[in-house]
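Quick look at what Swiss-Prot annotates:
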BINDING   113, 114, 115, 116, 164, 165, 166, 167, 168, 169, 170, 171, 172  GTP binding site
BINDING   245, 250, 252, 258  Zn(2+) binding site
DOMAIN    64-221  domain 'CP-type G'
């Protein structure tokens, strides 16, 4: 039998069988330990069931994509959920999420939730920065279901991961999409202005001919596994200027006659995005120096 892993808890994996509502609990065969291949949420697998009705994962099919934090396979797009207020937006964190989406070849769609709390005009520079980078934006008020119909259309025929900092309303959005509360949503802590971490595990849910992944909340991202060469290819605004710099292998940092720096000066690339790139690049370079 074949199916998709929709949940994994404590070494047990729950597989939804193709063309069926049946879900079978399985363990992974020991052979996967020798290949260092660990089953992930979203994996398409082949399983066997013995006479005692015990399931085992026999084969993991090739993954189209692979995320490690959160650990999810075969995702096609990411809804990057933030709010301008409650909690206040962290631009560097937003840029890190977008960076990871690019690294993993995921289409990223930025969703600003809790729009009832703010005046959009007060944040037009941030909005302009995201649009200039080529990302679509959806403005939401999930509690009142504002524009949630757009989200539902996007989900069809995709494997979609919800990501973003804690407290911005990811679980509320998920609850509205599937029409019932599958997860307990936490109130914002007045002291920390952060949501309580009430999403306890990653789970894949079938909704309207699409698949959704909701993951445990987190407020920071580690991108230290990336190299500076990766970074160059994860800022989409830079791509139009590839090959136009004086020096081959230009890092768009201190090099003269740099087409990217010129584009920033002329307003073709938003300065905040370039500043984030330089800050991240220097962190990578300093990390490499420490290794030596």
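Glycine is treated like the rest: Cβ placed from N, Cα and C.
Feature map: annotations from Swiss-Prot on the structure.
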residue : record              : contacts (Cβ under 8 Å, 6+ apart)
113     : GTP binding site    : 81, 82, 83, 140, 141, 142, 168, 169, 172, 173
115     : GTP binding site    : 84, 139, 140, 141, 146
164     : GTP binding site    : 80, 81, 82, 97, 111, 170
245     : Zn(2+) binding site : 252, 255, 257, 258, 259, 260
250     : Zn(2+) binding site : 258, 259, 260
Mean per-residue pLDDT in the domain 'CP-type G' (64-221) works out to 83
Could you check the binding-site residues 170, 252 and say which one's CB has the most other CB atoms within 10 Å?
170
Helix, strand or coil by DSSP: which one applies to residue 172 (GTP binding site)?
helix
Check: same-chain CB within 8 A of Zn(2+) site center, minus 245, 250, 252, 258
241, 246, 247, 251, 253, 255, 257, 259, 260, 261
Under DSSP, is residue 164 (GTP binding site) helix, strand or coil?
coil
